[in-house]
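What TrEMBL says about this one:
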type	residues	note
ACT_SITE	CYS92	active site, nucleophile
BINDING	ARG127	substrate binding site
ACT_SITE	HIS194	active site
REGION	225-246	region 'Disordered'
Amino acid sequence: MSDVDVVLLLPEVLGTYGDAGNAAVLAARLRWRGIGARVVTVGWADAVPADGDLYVLGGGEDAAQVLAADRLRDSIGLRRALGRDAPTLAVCAGLQVLGHWFTVADGSRVAGLGVLDVETRPGGGPRRIGDVLADPLVPGLAGPLAGFENHGGVTTLGPGAAPLARVRGAGAGNGTADRAEGVVGGGIVGTYLHGPVLARNPALADLLLTRAVGELPPLQVPDGIPTTTAARLGPVTPDVRRRAGA
Ligand SMILES: NC(=O)CC[C@H](N)C(=O)O
């Protein structure tokens, strides 16, 4: 079997929040299982390959996501990949760019790719910033998803999209009254969670990987990783749990 290609899209403009780490996590979790994997970085001047195994889009500022939308809207390679429901993770600005349209701070409405049945408008009030816990609504995920959100936009789902999770306690997620977090539609999993989200939620990484390569062999986690993870989450978790009432 040839290497699994994890296609990382435009990290120069959609790299503000460290979401490129999601591509590294996907590739690492394959390699740790003995499956060859590489991250294929698509820069501004590169064509998007149509035959990638997984696609990853990250978050960015309003100006950056306008650039990304302009660059990706007419990408034949990405259109083909999304048209065959290639597993795709889209975080925050990436999620918004895949929707029908989004509105940026100066009030102008910008066309997205229209492959997710969502619309994003300015939410008003303070920017949505902070830790989030959300209970997943899709099969294959057990425990709550954790991450960090930082966005002004509020995203409404149309009938062709379903929420990824439901926010527990504090946190905005999509920012709508139903407390939806993220979106699933076709092969796309969209979320407002940074972290990178797949580093903080390995089960979500494995869900995407399963869609790409089928059933995964068990993972032998290298010694020390659970300890390191617990140490890193230690200062954050009690506060999130307290705010979430968990
Ligand atoms: N974190 C992000 O990607 C931000 C997305 C978008 N610029 C917003 O504020 O809604």
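Cβ atoms are placed via backbone N, Cα and C, with glycine included.
All annotation found in TrEMBL is predicted automatically rather than curated by experts.
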Residues with Cβ closer than 8 Å to the Cβ of ARG127 (substrate binding site), same chain and 6+ apart in sequence?
ASN150, HIS151, GLY152
Rounded to the nearest angstrom, how far is the Cα of HIS194 (active site) from the Cα of CYS92 (active site, nucleophile)?
8
Long-range Cβ environment of the residue listed as 'active site', under 8 Å and at least 6 residues apart
TYR17, GLY18, ASP19, GLY59, VAL91, CYS92, GLY147, PHE148, GLU149, ASN150
Going by DSSP, is the residue listed as 'active site' sitting in a helix, a strand, or coil?
strand
Measure from the Cβ of CYS92 (active site, nucleophile) and count the other Cβ atoms within 10 Å, all protein chains considered.
30
